[in-house]
C-alpha cells in the first residue's frame, strides 16, 4: 500500500505523524511544495494550478491514495483534483462539525484563502453554526512554521494581538484550520482560557482514509517514508525536529 501525503510545506507532517501511529505496512510518500509555499495568500486559480501539478507528479509514482494534508489546497482545488485524476483523493477541512455540541462560540483560525473560500462557509452552514462561529486569518503563522520559529516572543505577540480581537470568555472551542498551526498548540493554550478546547482535522482525515480503504489500516509489518520537496530532497534529519515537536503538541487539547 502506497499513500502520498501532500502539503504546501511542513504543515502536513502533523497528519503523517499521526498516520505513522495508526497505519502499519504502508509506504508513505510525503511531498512538500516548499518552492511555492505558502499557499494561503495565493489566488484560487494559482492554488489549483499548483495542486494539479503536484498531484500529477504523485500519480506518476503509482500511489494508491493521495491525501491533501492542507486545508487551503482542499478548499481551493479538491473538486478539480478529483475530476482530473482517478486515484482516490482525500481532502482535509477544519473540524467545525465537532463544534455542534460546544457550549459557547467557536473560533476558526486558518489561512486567508481558507477563510475566504466557499468550502468553509458551506461547511459552517451545513452544520448550522453561522451564529456562533468566528473566523480569523493568521497568514504569518505559516511563515513562522516554515522557518521553524515556534517559541519566539514575536510569535506569542502576534497570536495575542490577533486573538485578543475576540471576547475569549465566550469562546469554548478553537478550531485549527491549517495543519501548520498544529505546531503552535502550546502558544494557543497559553493564551486561551482553560475551558476553551483546541481541535484540528487530523484524526478526522485519518478516519476518512481508513474508511476509504475498507476499514483496513494494517498492510504489513513496518511503515516506510520517502520525503520529497519541490526545492530539494528532504532527509530524515531535517524532518525529525518537526516530528518531535508534533509529538508534544498532539497531547495538547
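Just so you know, the numbers here start at 1 and follow the chain as drawn.
Any Cβ shown, glycine's included, is placed from N, Cα and C.
According to Swiss-Prot, the protein carries these features:
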BINDING   7, 8, 39, 40, 71, 72, 179, 180  substrate binding site
ACT_SITE  70  active site, proton donor/acceptor
ACT_SITE  178  active site, proton donor/acceptor
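Separating the Cα atoms of residue 71 (substrate binding site) and residue 178 (active site, proton donor/acceptor) is a whole-number distance of 6 Å. The substrate site in the record is lined by 7, 8, 39, 40, 71, 72, 179, 180, and its two most distant CA atoms lie 12 Å apart. You'll find the Cα of residue 179 (substrate binding site) roughly 6 Å from the Cα of residue 70 (active site, proton donor/acceptor). Taking Cβ-Cβ distances under 8 Å and a sequence gap of 6 or more within the same chain, the neighbours of residue 180 (substrate binding site) are 9, 10, 11, 38, 141, 142, 145, 146. Excluding the listed site residues 7, 8, 39, 40, 71, 72, 179, 180, the same chain places 9, 11, 12, 37, 38, 70, 73, 111, 114, 142, 178 with Cβ atoms within 8 Å of the centre of the substrate site Cβ atoms. DSSP assigns residue 179 (substrate binding site) to a helical segment in the three-state reduction. In the three-state DSSP classification, residue 7 (substrate binding site) falls within a strand.
Under 8 Å, Cβ to Cβ, and six or more positions away along its own chain, residue 8 (substrate binding site) finds 32, 33, 34, 36, 37, 38, 39, 40, 50, 70, 72, 73. In the three-state DSSP reading, residue 70 (active site, proton donor/acceptor) counts as coil. Each of the binding-site residues 71, 72, 179 was scored by other CB atoms within 10 A of its CB, and the lowest score goes to 179.
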